[in-house]
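Student: Annotations per TrEMBL:
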SIGNAL    1-23  signal peptide
BINDING   87, 89, 93, 137  Zn(2+) binding site
CARBOHYD  126  N-linked glycosylation site
């Protein structure tokens, strides 16, 4: 428990910002992390479900909103029975499960024509896992009684997401979503497939 607290505290203090600065700024301002206070209250950071019932997403530190270049950090909460789409992206991703439990589905065959049958992994409080570049995966809150809350760290932001209707859908038929929902208001970059 102490280790989890220290890890989360360290991550958040390394990338946190003053909420008062952002509260008075437009959502797409080009605020740089240089010179801003390190500590920020997560409960004061805007959250949204971006049209996905059962999701609460907070960009704790982002490339487009906060000027991060190498990593982006999200706090996501999934209500019981909710899940991400089956998807892949051209970045690495690390999860820390803060509370709740669920199931990670991951197909590590990005070199094949389609994701294939995914491996199933139980996730639980204090567990951590990583998603390699372009491995199709899906996260489910399979706990009927408790929210699943995860801290997510991605490399190479902003994220370009390719979604699948099912595990047998060919990679070249996956739908590109870029900018992703929480970056839409601010992004001006052209679409590009990196697989």
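Glycine residues also receive a Cβ, built from the backbone N, Cα and C atoms like all the rest.
Automated prediction, rather than curation, is the source of TrEMBL annotations.
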Student: Using the Cβ center of 87, 89, 93, 137 as the Zn(2+) site position, which other residues in that chain lie within 8 Å, going by their Cβ?
Tutor: 84, 88, 131, 135, 136, 161
Student: Using a 10 Å cut-off, grab the number of neighbouring Cβ atoms around the Cβ of residue 93 (Zn(2+) binding site), all chains included.
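Tutor: A count of 19.
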Student: Round to a whole number and give the Cα-to-Cα distance in Å for the pair residue 89 (Zn(2+) binding site) and residue 126 (N-linked glycosylation site).
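Tutor: That comes out at 24 Å between the alpha carbons.
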Student: Between the binding-site residues 87, 89, 137, where is the Cβ count within 10 Å the lowest?
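Tutor: Result for the binding-site residues 87, 89, 137: minimum number of other Cβ atoms within 10 Å at 87.
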Student: Going by Cα-Cα distance, pick out whichever of the binding-site residues 87, 93, 137 is nearest to residue 126 (N-linked glycosylation site).
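Tutor: Considering only the listed binding-site residues, the nearest one is 93.
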Student: Give the number of CB atoms, excluding that of residue 126 (N-linked glycosylation site) itself, located within 10 Å of its CB.
Tutor: 13
